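**Q** Here it is, the structure in full.
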Amino acid sequence: MVAGELLQEHARPGSAPCEAAEADKAETQYQDLANGAIHVTVADAPQADRELENEAMLPSERSQTPQTRLYWRRFVVLTIFSLYSLVNAFQWIQYSIIANIFMHYYSVSSVMVDWLSVVYMVAYVPLIFPATWLLDRKGLRVTALLGAGLNCVGAWLKCASVGPHLFWVTMVAQIVCSVAQVFILGLPSRIASVWFGPKEVSTACATAVLGNQLGVAIGFLLPPVLVPNTPDKELMGRNISIMFYGTAAVSTLLFILTVIVIQDRPPLPPSQAQAVLPTGPAEDYSYKKSIINLFRNKPFLLLLISYGIMTGSFYSVSTLLNQMIITHHPGEELNTGRIGLTLVVAGMVGSILCGLWLDHTKTYKMTTLIVYVLSFIGMLVFTFTLDLQQLLVVFFTAGVLGFFMTGYLPIGFEFGVEITYPESEGTSSGLLNAFAQVFGIIFTFIQGMLTTDYNPQAGNIFICAWIFLGIILTDPVTEKATEKTELDMLIRPVYDYLYIVTWCIIML
């Protein structure tokens, strides 16, 4: 079940003393005299009848069902969030996919260009805790405005960084965009839970994540088209300027729409589970206690590591894709972008299908395991076919890898909310993203070093080893999280078969 549906719809605790007091008041209307004769005082008959009817009713019948409603505005909120998340993701990858061009334009090393991507991950880790606190305390609207606003500011700063000696300006601009990301990545589960109905939550969350992935896809596709490789630095600067100014204009429009459209929550809740939850943090709410509770949740701790490994691997592969492809296929910057587009678009399809599957079946456990194993197999195939000098094969293997690796992202979000309910969705999602950034930083530097010092295959094998460790850690998560369903039992042999196949591939 979706986490919010676990809450039973019953009368709030504390109503029983009120009912007892009313019963005592009714009994005082009847007095027992000393001689044993009972004299009935004059009472309001209809009122007495109503009290007797109330006593005959069950507590669940006496409680009033909260009113719920789904608003069309929820789709506009989701669309605007997905679009400015898209622009932020585009700004993350726009340097890495044409790393060799920016190295030439700014006269810097590949490590410095890698830092333009890694800074997104570095900024996220220390800032996620105040960001999730802000989301819990100030709500969705304030957090969304900060994300869209900083994204806009960073985009305009990049316009001032066009110049061969202005690398430090583009780095400052990228840092601002990376701070904006902190107020973006934790919102998909919050938007899905407070705006969408129980049967839409997983799909809405997957769509919100999808916006970010679409931004990565466009970031792979457009920069090689807008900024082709040329020895003329002046022409290269003009091309970079067109890309930066276009991004700034779109970011400004989306910030204005965010101010107009996005609100904390709809007037009426979308589900019974949301209706009985408080609209804000309780007076005794402690963010520190919420963090402690999450770290005491053993299945969630294992999920933090396994989710961090998978998502960090995706970040690393995305950052270093240009270096991997150019090593085996020199001069193929445009096709490198297309391969990245294939990787992400296939992942977007995987995200949608996984979200629909979870909404329909609620089989979080086995779906998580199977997608993880298939991601590992996809990474192995991509690793050992990269040097075949056949770009069509690379396109295909990248698509398979992206379908499962990116498809895992919304599953991890929703599974995290499922096993940590009733803790805040923003807090659990924030911690998942924080671990993803930590692993992304480590993997990017180590895989980059192996790729530079040895070859891309060595770096990819390093990633494969970690993903296999993630499979081992994921199995206990699903065993401890919830009870097995009949569908889980039917899917389990599929996972066991894939697990055996994986071991056979490793032995070969």
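A Cβ is built for glycine as well, from the same backbone N, Cα and C atoms used for every other residue.
Curation plays no part in TrEMBL annotations; they are all automatic predictions.
Below, the features straight out of TrEMBL:
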TRANSMEM  75-95  transmembrane segment
DOMAIN    77-482  domain 'Major facilitator superfamily (MFS) profile'
TRANSMEM  115-135  transmembrane segment
TRANSMEM  166-189  transmembrane segment
TRANSMEM  201-222  transmembrane segment
TRANSMEM  242-262  transmembrane segment
TRANSMEM  299-317  transmembrane segment
TRANSMEM  337-357  transmembrane segment
TRANSMEM  369-386  transmembrane segment
TRANSMEM  392-411  transmembrane segment
TRANSMEM  431-450  transmembrane segment
TRANSMEM  456-474  transmembrane segment
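Thinking about packing and proximity, how do these listed features fit into the structure?
**A** Counting only same-chain residues 6+ beyond the ends of the transmembrane segment (75-95), those with a CB under 8 A from a CB of the stretch are 102, 113, 116-117, 120, 144, 147-148, 151, 154-155, 158, 174, 177-178, 180-181, 184-185, 187-188, 191, 195-196, 204, 207-208, 210-216, 218-220, 222-223, 243, 247, 250-251, 254-255, 257-258, 261-263, 318-319, 340.
Predicted-model confidence for the domain 'Major facilitator superfamily (MFS) profile' (77-482) is 86, expressed as mean pLDDT.
Counting residues 6+ beyond its ends, the transmembrane segment (115-135) has Cβ neighbours under 8 Å at 92-93, 95-96, 102, 142-143, 146, 170-171, 174-175, 177-179, 181-183, 185-187, 190, 287, 291, 315, 319, 424, 426-427, 429-431, 433-434, 437-438, 440-441, 444-445 in the same chain.
Remote same-chain residues near the transmembrane segment (201-222) are listed as 2, 4, 74, 78, 81-83, 85-94, 97, 184-185, 187-189, 191-193, 195, 243, 318, 321, 336-341, 343-345, 347-348, 351-352, 354-356, 358-359, 406, 409-410, 413-414 (criterion: CB distance under 8 Å, separation of at least six residues from the stretch ends).
Cβ atoms under 8 Å from those of the transmembrane segment (242-262) belong to residues 73, 76-77, 80-81, 83-84, 87, 90-91, 94, 140-141, 144-145, 148-149, 151-152, 155-156, 158-159, 161-162, 222-223, 226-227 of the same chain, restricted to positions at least 6 beyond its ends.
Within the chain carrying the transmembrane segment (299-317), a Cβ under 8 angstroms from the stretch's Cβ atoms is held by residues 117, 121, 324, 343, 372, 375, 379, 401, 405-406, 408-409, 412, 415-416, 419-420, 428, 431-433, 435-444, 447-448, 460, 463, 466-467, 469-471, 473-474, 476-477, 480-481, all 6 or more beyond its ends.
Using a Cβ-Cβ cut-off under 8 Å and counting only residues 6 or more beyond its ends in the same chain, the transmembrane segment (392-411) has close neighbours at 188, 202, 205-206, 209-210, 213, 307, 310-311, 313-314, 317, 325, 338-340, 342-351, 353-355, 358, 364, 367-368, 371-372, 374-375, 378-379, 381-382, 385-386.
Proximity of distant same-chain residues to the transmembrane segment (456-474), defined by a Cβ-Cβ separation under 8 Å and at least 6 residues beyond the stretch ends, is recorded for 302-303, 305-306, 309-310, 313, 316-317, 320, 323-324, 327-328, 368-369, 372-373, 375-376, 379-380, 382-384, 386-387, 439, 443, 446-450, 499, 502, 506.
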**Q** Short question: which residues 6 or more past the ends of the transmembrane segment (337-357) have a Cβ under 8 Å from it?
**A** 93, 97-98, 202-207, 209-210, 213-214, 216-225, 317-318, 321, 325, 363, 367, 371, 391, 394-395, 398-411, 414
